[in-house]
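For B:12-34, B:61-83, B:95-118, B:130-150, B:182-203, B:234-257, the entry in TrEMBL reads transmembrane segment. Taken from TrEMBL, the feature domain 'ABC transmembrane type-1' applies to B:57-257.
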Amino acid sequence: MAGTITTLGNSHAPRISNVTQESRPVRWLLISLAIAFLFLFLALPLAAVFSEAFSRGWQVYWQALQEPDAWAAIRLTLIAAGIAVPLNVIFGVAAAWAITKFSFRGKQFLITLIDLPFAVSPVIAGLTYVLLYGSHGPLWSWLSEHDIKIIFATPGIVMATIFVTFPFIARELIPLMEEQGTSHEEAALTLGASGWQTFRRITLPAIKWGLLYGIILCNARAMGEFGAVSVVSGHIRGQTNTLPLHIEIAYNEYHFAAAFACASLLALLALATLFVKSLLEWKERHERFLASQAARKEP
Amino acid sequence: MRQRSVIPGFGLSLGYTAFYAGLVVFIPLAALFIEASNLGWGELWQTISAPQAVASYRLSFGASLVAASLNLIFGLLVAWVLVRYPFPGKKFIDALVDLPFALPTAVAGIALTALYTPNGWVGHLLNFKVAYTPLGVVVALTFIGLPFVVRTVQPVLAELEAEIEEAAASLGANRWQTFRRVLFPALLPAMLTGFALAFARAVGEYGSVVFISGNMPFRTEITPLLIITKLEQYNYAGAAALGVAMLLVSFALLLIINSLQHWSAKKTGGK
């Protein structure tokens, strides 16, 4: 960063002149337009979820959440996220370690492969698993011989969830670890730490906020995934419905209050996710600030 | 193959990464191509170019294009306002921009449908139909693509040096000229990256669209829905054919996005 400009002075000094500011009416017009757009597309849908959920009173709301099918759906959603997120954490850390600490041929290909699930339609993700493990697929005879059900069962739902949340952790960690480089790890290793100790004491503390950030985003997507899970689930009530699929069925059967009651749970999850995300961003900025202050004190 | 390094775990981490990525992503996608290849070229082309499929592409790509363009304009506006102007509640609004990433698509779908049906909060104010028309698809796709342009433009805008604007002003440019000639070219790569990301996401979107679109063949049926319809009719090869067509488009978009990001990084980083 130490370019010619930054050495001349603080480039973020308060702006003295008006020449780089819009006039007051223009400013207010732009702010109002932006807020109107966000109100229409973000605030209103969110408000609609809660308003519809409570449109027939608290009692109907509680009843909808206490239905056995709703509970089974919540349980399955927790199971799917509970398996998919840890597996993707292990993968994300391993992938980021391999990609950022070493240089090897085919790295770019690997990075593109990791990005791929973000670009693929969730429906296609589900479709690929149906083709591979379904009754039409190459593994079907072996699977049925061993009495293993994947499609229209929990394993398929877990796999589809893993696919759509596959890049989250790795995507978060790769730029972060790239920026941190390898000098700290190398120092620890030359001082006699083992590989595992180095990872636990040096790398992990340095990436913990980024890792947490990736985990909450991964979890939000895992619990809310609809398209991919819908293709592999078979929609068996009480058995293969996750919470989003349960919402769909209730909605299509015109149980609007029940559908929106369950939707309000997921909306709360989304709001909690955004809150934790902002908190982590603040925390990370704060630590960066402290680190830069500490660096400035050194001669 | 690799540079010598004292850091351990190369074999383990790369081996596991390759194994897991192969199992989760590579093999299933390969199965899709193999299934589609069972059709042979003639039938493959026939499935992909069937009138119902073409109508679904027109809707999927058309609506995605409109939605991504809306997000391009309003995303720039929102990013600008969030970076440049102080106003009450700004932090809250900034956090809320990511809502479409965090809110499950099915929830977004039923909420938007409730708003835009003829007796919904927004629907009853309008004298034209939104829900169950292609316009409804655009609304849903605008919602899910909303954060992309904001989040790609925001950091670039925040990094721009005030000096270049002062220089433009001192050379006699008015505010609009400065924006058009100085700021806009600097922001363009980030804007296009956000646009492409929003477009790619919209093309594959399913959950938020199926509720508001009404799913009428030839009119409001998006391509992902057509794939599911074929799958439910046990037409595996047909579903795979459409899946491959969409996947190739996604690959192309991914390549475009990568090169846009590269361009963007080069333009702003200067390294």
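Each residue, glycine too, has its Cβ placed from N, Cα and C.
Put simply, of B:12-34, B:95-118, B:130-150, B:182-203, the stretch with the most CB pairs closer than 8 A to the transmembrane segment (B:61-83) is B:130-150. Here the transmembrane segment (B:130-150) has Cβ contacts under 8 Å with residues 59, 62-64, 66-68, 70-72, 74-76, 78-79, 82, 97-101, 105, 108-109, 112-113, 116-118, 120, 122-123, 191, 194-195, 197-199, 201-202, 205, 208-209, 211-214, 216, 219-220, 222 of the same chain, all six or more residues outside its ends. Residues 60-61, 63-65, 67-69, 71-72, 75-76, 141, 144-146, 148-153, 155-157, 160, 164-165, 168, 173, 223, 246, 249-250, 253-254, 256-257, 260-261, 263-264, 267-268 of the same chain, all 6+ positions outside the transmembrane segment (B:182-203), place their C-beta atoms under 8 angstroms from a C-beta of that stretch.
Residues of the same chain lying 6 or more positions beyond the ends of the transmembrane segment (B:95-118) and with a Cβ under 8 Å from any Cβ of it are 78, 82, 124, 129-131, 136, 139-140, 143-147, 150-151, 205-212.
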